[in-house]
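As recorded in TrEMBL, the features of this protein are as follows:
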| type | residues | note |
| --- | --- | --- |
| TRANSMEM | A:21-43 | transmembrane segment |
| DOMAIN | A:76-272 | domain 'ABC transmembrane type-1' |
| TRANSMEM | A:80-99 | transmembrane segment |
| TRANSMEM | A:111-135 | transmembrane segment |
| TRANSMEM | A:155-175 | transmembrane segment |
| TRANSMEM | A:207-231 | transmembrane segment |
| TRANSMEM | A:251-271 | transmembrane segment |
| TRANSMEM | A:300-325 | transmembrane segment |
| DOMAIN | A:353-548 | domain 'ABC transmembrane type-1' |
| TRANSMEM | A:359-377 | transmembrane segment |
| TRANSMEM | A:389-411 | transmembrane segment |
| TRANSMEM | A:423-442 | transmembrane segment |
| TRANSMEM | A:480-508 | transmembrane segment |
| TRANSMEM | A:528-556 | transmembrane segment |
Amino acid sequence: MTLAASNRSPILRVAMSRDDLMMRLGVVLFAVVLLVIVGLPLWSLLAKAFEDRDGKFVGLANYVSYFSTPALFDSALNSLHVAAVCTLIVVPLAFFYAYALTRTVLPVRWLFQGISLIPIFAPSLLPGLALVYLFGNQGFFKGALGGPIYGFDGIVIAQIFYCFPHATLILVTALTTADARLYEAADALGASKLRVFFTVTLPGAKYGLISAALVVFTMVITDFGIAKVIGGNFNVLATDVYKQVIGQQNFSMGAVVGMVLLAPAAIAFLVDRVVQRKQVALLTARAVPLIPKPKLGRDLFFTAFCTVVAAGILVILGMAAWGSLIKYWPYNLSLTLANYDFTNFDASGWDSYFNSVEMAVGAAVFGTTLMFVGAWLNEKTREFYLMRGIVQFLAFLPMAVPGLVLGLGYIFFFNAPNNPLNFLYATMGILVVNTVAHFYTVGHLTATTALKQIDPEFESVSASLKVPVWRTFGRVTAPICLPAILDIAIYLFVNGMTTVSSVIFLYSSDTKLASVAAVNIEESGATAVAAALCIVIVITSAAVKTLHVLADRFLLGRLQAWRRR
Amino acid sequence: MSHLEVRNLSKRYGDFTALGDISLDIAEGEFVCFLGPSGCGKTTLLRAIAGLDPQSSGTIHQKGRDISALPPSKRDFGIVFQSYALFPNLTVVDNVGYGLVSRREGKAAVGRRVTELLTLVGLPDAGPKYPAQLSGGQQQRVALARALATSPGLLLLDEPLSALDARVRLRLRHEIKALQRTLGVTTIMVTHDQEEALTMADRIVVMNQGAIEQVGTPQEIYRRPATAFVADFVGSMNFLAGTLVAPDKVKVDGFTFDCTAQDGLAPGAKVALCIRPEDVRVRDLPTDIANRVAVEVAELDFVGAFCRATLKVQGTADVAMTADFSSNLIRDLGVELGRKLDVALPPDRLRVFAA
Ligand SMILES: Nc1ncnc2c1ncn2[C@@H]1O[C@H](COP(=O)(O)OP(=O)(O)OP(=O)(O)O)[C@@H](O)[C@H]1O
Ligand SMILES: [Mg+2]
């Protein structure tokens, strides 16, 4: 009797607790926020590309005219060409550098690691400026390249500097996760060093290599500052967007170019997702970390290699710093601080610098809160799969969207007269929101990873003890994740200081940022002043990062005694 | 009245049925073990009872209250996970007091209760330490104290001992059992360790592939396994393939064994005749004893307290069984490889299952 009855018993619907209800509300709210700061601006951009200058729907007309204008279409090819060449150079370079950092015994390893990160703290403008000093029409080594630096060569060299740390970081991670036991097995089988490299090391770093290649490719295609400074007449997609929007005020065509720019970035992103998904299975094995043993010949070779690369980075940074201190290049090489008196060159003077700091702090505070709480809501809410899926998608979207494209979307969305959020336009607020949105994915991923690493049963325990879930968030989850929270905040601060591409359309005279001011000043020909501004940015973000590292090492250890065994 | 009534509980993941139509009663103050091989649905059942992963259909009543659709926070239970899930950034005192603080009891009252609990689990001095500074066994006791802090009516333990080494596990078995007896709290423990279940439980629920095979006291489960699965899973068991020739006679390769009358099986049915190795009799066999067979010792494995012998039944092609011989017996009878002797299979110790 019971069997027959049970088969017909209805599917059970479980009542929601107050916690469940609140968390679901939170997820919905969070989804709305992401929709406003990511989804809708992109949607506006998409729509704009189908309108003429007066806002009338013209179907594909803009796209037709884009592809039938050779000058515009050539830029797309140029972009692909530069990106491909940079990827082919940066990835091997970064791979050997990362290999040296993780698999050989380097003297002052920390220094080499630190130097490789320097470019992260600089606006992309900086390598461009340094190259102008080195190889420009009045440069030290002009003609050394057998042609003018402006154009393809300049862009490639500057991009190598700019992309190098990002590729290195990814590859260091990929090489650190190697399993020492594989090497022992290969050794025991008597495989030659070269064979071990090709059969164990390279395949082990395969996903890292693919990921690094995609990141470099996307960065080069979407970066704006370098092409702007050193591109000369060599047009690329990113400069085209800028010219269409700022130069010709042709927003529709700007939107079309933006969409074209979006395509390779989005494809690269999708490929990366597929690759990453495969990697997860690989990492679940219980690996034994590999600790390199000294070996003279190899260590000497890689020390030399790293020294050359590090020197290259330092020369570019040093050149920009030196240039910023010189009275009148190249005629009067005596040193001066006059170039740091920005009031003489730009109406906003030092204000732009303080705007930048204000914006970066704002982005760090607002962004970290949003990212961590949002990731927590999305991770810990029970069931509610559809909404959580939507949130996950929206949180991943910014990774695939170049800054320029997002910035354009912001103009169209927030500047629309009928948008109730219109008041945000041309305020510091919109710059903060835009920066948070632009860098959303990495912060979200960092938070999610940290949350996945803590015991999934904390919430179950709280529920059984009748403790509301937000209390466990405040007393347990957030404190445990403090290192990740700080990482996100610093990441946002540094990127807020250096970003150019997405905010270049959004500032007003009161809210001009240092990185944007540097672009404007460079445009007016005052290279030394632009370099000075870049150096101030580097010093600020590097100082904050150094503080973070020190705090992490000394302060956090003391505050979080529970981590010690 | 029973403390917990589970009726027709099912849990499906897509097409996969993790629990199929489970019904179960658990009495007030009882210590029940869910025992079964990995993946049989023990954890799933426990989590459904807690409301953490609700069932697809079926009902659960606790003390007469229908809790089938309640979220975990509205149910009355304390839980200890295999990972313990201690909050690493809180001291032992704060961990144990975690559920007390939100109940608006005075600070002093909470402090007293925590001290009382820590003494109860034998860690009176661990209060100011952090979980990472404790051994596995100590962490497990803190988790237990935390689960008991709010005096729940039902204590749920998911493989609480499996992360510990053998010695600590033995000691904690007794401690948990003693604690449970003192407090009288109804307890469900999930385990795949049969020894743990046999020593700790008042009743054992043996599960297999999402269904209950048998519910009974440890004695019943061991002495009278209801199914071939239980017979095989709990303890060691010899399975001899045969045919039921009369209600109380099984024929195995020419030999006919007497057994207790089987009413569930028709004569002629293919059956497995089962006997535990320790039930094989060797000493002082009366001449007219039932089920007497001549065997040859084919293997002899030293297992410590006793030897496990593989015995080939003489006059059959390949009928063999294992039997446990004490060291004394081996010495007294001079048992060695190749030695021929007579053994008897006592009919009341034989179990018969449809094959
Ligand atoms: N979320 C899920 N989705 C799909 N299948 C699941 C899920 N959770 C559990 N299962 C399946 O349900 C079955 C029972 O799982 P359960 O965790 O209850 O096993 P268990 O008896 O506790 O095993 P163990 O001793 O290994 O812990 C398993 O086959 C498992 O693969
Ligand atoms: Mg389990």
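Backbone N, Cα and C atoms are what each Cβ position is placed from, and that goes for glycine too.
Annotations in TrEMBL come from automatic prediction, not curation.
Of the ranges A:155-175, A:207-231, A:300-325, A:359-377, the one with the most Cβ pairs under 8 Å to the transmembrane segment (A:21-43) is A:359-377. Contact between the transmembrane segment (A:111-135) and the transmembrane segment (A:389-411) is not supported, since fewer than 3 Cβ pairs fall under 8 Å when only residues 6 or more apart in sequence are counted.
In terms of C-beta pairs under 8 Å, the stretch of A:155-175, A:207-231, A:300-325, A:423-442, A:528-556 lying closest in packing to the transmembrane segment (A:359-377) is A:423-442. By the Cβ criterion (distance under 8 Å, sequence gap of 6 or more), the transmembrane segment (A:389-411) is not counted as touching the transmembrane segment (A:528-556), fewer than 3 such pairs being found.
Listed by sequence, the residues of this chain that lie at least six past the ends of the transmembrane segment (A:300-325) yet keep a Cβ under 8 A from its Cβ atoms are 93, 96-97, 99-101, 104, 106-107, 111-112, 115-116, 118-119, 122, 126-127, 129-131, 133-134, 161, 164, 335-337, 339-340, 527-529, 531-532, 534-535, 538. Same-chain neighbours of the transmembrane segment (A:80-99): 112, 116, 152, 155-156, 159-160, 163-164, 167-168, 170-172, 174-175, 201, 205, 209, 212-213, 216-218, 220-221, 236, 264, 302, 305-306, 309, counting only residues six or more beyond its ends whose CB sits under 8 Å from a CB of the stretch. With a cut-off of 8 Å on Cβ pairs spaced 6 or more residues apart, the transmembrane segment (A:480-508) and the transmembrane segment (A:207-231) reach 3 or more such pairs and are scored as touching. Counting residues 6+ beyond its ends, the transmembrane segment (A:207-231) has Cβ neighbours under 8 Å at 79-80, 82-84, 86-87, 90-91, 94-95, 123-125, 127-129, 131-132, 149-151, 154-155, 158-159, 162-163, 166-167, 170-171, 173-175, 237-239, 241-242, 261, 264-265, 268-269, 271-272, 275-276, 278-279, 282, 402-405, 500-501, 504, 515, 519, 522 in the same chain.
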